[in-house]
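Chemist: Pulled from Swiss-Prot, these are the listed features:
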- LEU8, TYR14, ARG80, LYS89, ASP105, ASP107, ASN140, SER141, ASP169, ASP172, GLN173, GLY232, LYS235: UDP-alpha-D-glucose binding site (BINDING)
- LEU8, TYR14, ARG80, ASP105, ASP107, HIS229, GLY232, LYS235: UDP binding site (BINDING)
- ASP105, ASP107, HIS229: Mn(2+) binding site (BINDING)
- TYR212: O-linked glycosylation site (CARBOHYD)
- 283-303: region 'Disordered' (REGION)
- LYS89: site 'Important for catalytic activity' (SITE)
Amino acid sequence: MTEAYISLLIGDGYLPGALYLANRIRQFDNERDLVILVSDISIKVHRLLERFYSKVVVLLPDSKIATSPYNAPELHLLNRPDLENVLNKIHIFHQTHYEKLLYVDLDVLILNDFKGLFDIEVKEWELYAVSDIGWPDYFNSGLMLFKPSANVFRHLLALLTEVPGVSYDGGDQGLINYVFQNKWLRTGDDTKRCGVWYNLSFAFNMTLSNNYESLPSVLRNLTDIKLVHFIGIVKPWMLKPSFVNDFPDGSLDSFVAQWWEQFSSFENGEFLPLVFKNVESERIEEDSHETEEKVDEEVSISEPQDETTDFKYQFGHHSFEEPAPVLDYSTEGEAWKLNEEQLTNQWDVDAPAEPLPVPVEEDEREETKAEAELEELLPDIVQPEPPAPHVFPWEAYNEKPTRVFHDYR
């Protein structure tokens, strides 16, 4: 078969996602190969992957790409040190023994069959993907349909050393976006960008968001969603099956619960336990002879935790606490939690001082002095009696007559 699904596993921590992806795809597609590129995994995990993947391709030490020398500042902005080795994803473009590959990240929930993407005609230097929720002019590299090419691979590799900060996020997504730009945004004066990106429906790679517009959009298109992508550091296998954290109003069943429901059905529940014991065997290296030895032991799996106990997930070398549920603050307005520093001037807290005298012009001073002297010289004037109050309101508006007609009677 010249078409295949492909993914990437760096370290043992994403093993649950790798097991989920292989078993879930096999439920709707038994014809195409399942390929996974691996690095820094234990021998036991390697043997387990061989049970479910058509090919397990080990990235040799001298071919691995480290992010740090290239895009450390950009990666630091994401605050995701766990993505330090994600640039190794570009090795998927070097699997030229396939005519067409569909890359899928391991942190996904598959709701519907999406093998129809293989019907798309794709050429070298073309890529089909879904817009990224963070900046839709870029695509999300969690799902990509493309034609493998040694030319594309070498071009991506060269850009890492030739163009400082070529990846806007320090990882594979920024680098691949630099080459495969949206056809509507392409400019003819940039020779560094050789590929073209064609946008797929958001239903093929839906990333969750707490944006107030997200829930109505998801509800309207729920039956069309093919794949849910759990972006961020917390993955579904790190949470309880009963964890609800997708939409605060409970309009949807938890996607995390759906992931666990599917996961528990694989291999008669063999992978159901929530906590996997640490696998501390030696890593697979280029000159390791242990990779050829027979390993009879399978990955040991502990009993599921009681959901009534305090929850803590441990796998590999990482430990995660269950995050607090997402609360709905959409009615609070923008920046309602902004802790803005309040500055208080010293004169605002002291007792108020005496008001300053109002400045008076020189002419006004002379006029006031003359009036005072005149009042001393004038005799006291007897004020007349005030007029009697009016009986009717209109009497106050009577005008003094200016003409008088004599009465000759």
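Cβ from N, Cα, C; glycine included.
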Chemist: List the recorded positions among LYS89, ASN140, ASP169, GLN173, LYS235 whose C-alpha is within 10 Å of the C-alpha of TYR14 (UDP binding site), in sequence order, or say none.
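Modeler: Matched recorded positions: LYS235, sequence order.
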Chemist: If I take the Cα of GLN173 (UDP-alpha-D-glucose binding site) as reference, which of the recorded positions LYS89, ASP107, HIS229, GLY232 has the closest Cα?
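Modeler: Closest by Cα: LYS89.
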Chemist: To test your reading of the Mn(2+) site: which residues beyond ASP105, ASP107, HIS229, same chain only, put their Cβ within 8 Å of the Cβ centroid of those residues?
Modeler: GLY17, VAL104, LEU106, VAL108, GLY142, PHE230, ILE231
Chemist: Could you state the whole-number distance in Å separating the C-alpha atoms of LYS235 (UDP-alpha-D-glucose binding site) and LYS89 (site 'Important for catalytic activity')?
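Modeler: Rounded to the nearest whole number, the Cα-Cα distance is 19 Å.
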Chemist: Of LYS89, HIS229, LYS235, which of the recorded positions has the most Cβ neighbours inside 10 Å?
Modeler: LYS89
Chemist: In three-state terms from DSSP, label ASN140 (UDP-alpha-D-glucose binding site) for me.
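Modeler: Assignment for ASN140 (UDP-alpha-D-glucose binding site) reads strand.
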Chemist: What subset of the binding-site residues ASP107, HIS229, GLY232 lies within 10 angstroms of LEU8 (UDP-alpha-D-glucose binding site) at the C-alpha level?
Modeler: none
Chemist: On a C-alpha basis, identify the one among LYS89, ASP107, HIS229, GLY232 that is nearest to ASN140 (UDP-alpha-D-glucose binding site); the candidates are the recorded positions.
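Modeler: Nearest by Cα distance to ASN140 (UDP-alpha-D-glucose binding site): HIS229.
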Chemist: Rounded to the nearest angstrom, how far is the Cα of ASP105 (UDP-alpha-D-glucose binding site) from the Cα of GLY232 (UDP binding site)?
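Modeler: GLY232 (UDP binding site) and ASP105 (UDP-alpha-D-glucose binding site) have their Cα atoms 12 Å apart.
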Chemist: List, in sequence order, the same-chain residues at least six positions removed whose CB sits under 8 Å from that of ASP105 (UDP-alpha-D-glucose binding site)?
Modeler: SER7, LEU8, GLY17, SER141, GLY142, LEU143, HIS229
Chemist: How many other Cβ atoms sit within 10 Å of the Cβ of GLY232 (UDP binding site)?
Modeler: 11
Chemist: Give me the long-range Cβ neighbours of ASP107 (UDP binding site): same chain, 6+ apart, Cβ under 8 Å, in sequence order.
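Modeler: TYR14, GLY17, GLY142, HIS229, PHE230, ILE231, LYS235, PRO236 - these are the non-local Cβ neighbours of ASP107 (UDP binding site), listed in sequence order.
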Chemist: Reported as an integer number of Å, what is the Cα distance between ASP169 (UDP-alpha-D-glucose binding site) and LYS89 (site 'Important for catalytic activity')?
Modeler: 14
